[in-house]
Amino acid sequence: MQNKKSRVFSGIQPTGNIHLGNYLGAIKNWVDRQDHYENIFCVVNSHAITIPQDPKILKEKTFELSAMLLACGIDPKKSTLFIQSQVQEHTSLAWLLTCITPMGDLNRMTQFKDKSQKNPKSILSGLFNYPNLMSADILLYQSDFVPVGEDQKQHIELARDTALRFNRDFGETFVIPKPLIMQEGARIMGLDDPSKKMSKSSGDKPNHLIALIDTPEEILKKFKKATTDSQNLITFDKERLGVYNLLTIYQCFTQKSQKTIEEEFKGEGYGKLKSKIAEVVIESLRPIRESYNYLITQKDYLEKILAEGAKSAREIAQKTYQDAKEKMGLI
Ligand code: AQP
């Protein structure tokens, strides 16, 4: 008999343009391991509204992101792909989990602190409660693993604690999930300021991120302007944030070892390093951009894939939610 595959769940918000951090920290790993796992991937649009969104743009971005995930290689034959708001059990389970999660646990979340600092005059309670919705996303599918970038580790630890608490208080209900974080690419930094993670919400800064839909000219220009230092020494030195970040991006795309890369650039200057990285990134992203440009025109196909995805997701989610609801005594 064949061994049952472990199940992975992960999500991504339809806010801004998908960038190299999202790709190397999350999407590329989802795609590369599709055959190893039973995969469930979700466009988490209900998470997006924890920060005010223009409704029309949010709808457009939701379809754009779905098309981009397919363009990156998510294969609907191997993976379930759906939109979070089309499976209502996500928000329903989030309420049950909100009712068993202490405020103190949410208060510790660094992402809440970071994001609320960006807009201190209007901190919404949805932003504070967001980790409960993320716990619900993961626990609904009885997920074994959650492949994410380093920034999401704390939220997954919270989901684990919540699942353990629920199981302890109401009886065995949820699988305890584990984060799956890659060694390389788990934290890609901004090209303009390598002390801050590359982030969609900083996308208005001209040289902060490389979007997967950027043209070759834009990619080259942004790498040329990337912040480095005055040492002109090309080594994987974690203290020199800018050069380390560029070399990490190069390593993720080429899959070469650090030693081989350092040999390759021995005696070279930062100009050569930047143009070589730009070349590799441009060629790697070219088929993705081309496929995206086609898929985004195929609205009927996209809607069909997403409807099928929501249907299979619902089958699992309804079962888990009913069980949790009954265990808590809700009629
Ligand atoms: N810089 C990064 N390096 C590596 N991985 C990253 N991820 C995000 N930024 C980096 C990973 O991408 C996945 C999807 O992210 P998301 O859109 O759901 O959440 P996010 O962390 O809020 O993404 P951004 O780009 O940083 O957006 P904003 O600006 O809205 O905060 C996750 O697995 C995440 O770890």
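FYI, residue positions are counted from 1 along the chain as it appears here.
For all residues, glycine too, the Cβ spot is worked out from N, Cα and C.
In the three-state DSSP reading, Thr15 (ATP binding site) counts as coil. The ATP binding site annotation in TrEMBL covers Gln13, Pro14, Thr15, Gly21, Asn22, Gly149, Glu150, Asp151, Ile188, Lys197, Met198, Ser199, Lys200, Ser201.
Here the motif ''HIGH' region' (14-22) has Cβ contacts under 8 Å with residues 43-45, 48, 51, 53, 58, 61-62, 64-65, 68, 149, 187-188, 197-201, 203, 209-213, 249, 281 of the same chain, all six or more residues outside its ends. According to TrEMBL, the motif ''HIGH' region' annotation covers 14-22.
Taken from TrEMBL, the feature L-tryptophan binding site covers Asp137. DSSP gives Asp137 (L-tryptophan binding site) a helix state.
Shown for the motif ''KMSKS' region' (197-201): DSSP residue counts in helix, strand and coil, namely 2 helix, 1 strand, 2 coil. Per TrEMBL, motif ''KMSKS' region' is recorded for 197-201.
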Inter-residue Cα distance where the pair is Asp137 (L-tryptophan binding site) and Asn22 (ATP binding site), in Å: 18
Those binding-site residues in Asp137, Ile188, Lys200 whose CB falls under 6 A of ligand 1, listed in sequence order: Ile188, Lys200
Under 8 Å by Cβ from Met198 (ATP binding site), counting only residues of that chain that are 6 or more apart: His19, Leu20, Gly21, Ile188, Met189, Gly190, Leu191, His208, Leu209, Ile210
Long-range Cβ environment of Asp137 (L-tryptophan binding site), under 8 Å and at least 6 residues apart: Phe9, Gly11, Cys42, Val44, Gln84, His90
Span of Gln13, Pro14, Thr15, Gly21, Asn22, Gly149, Glu150, Asp151, Ile188, Lys197, Met198, Ser199, Lys200, Ser201 around ATP - largest C-alpha separation, Å: 19
Stretch-averaged pLDDT - the motif ''KMSKS' region' (197-201): 91
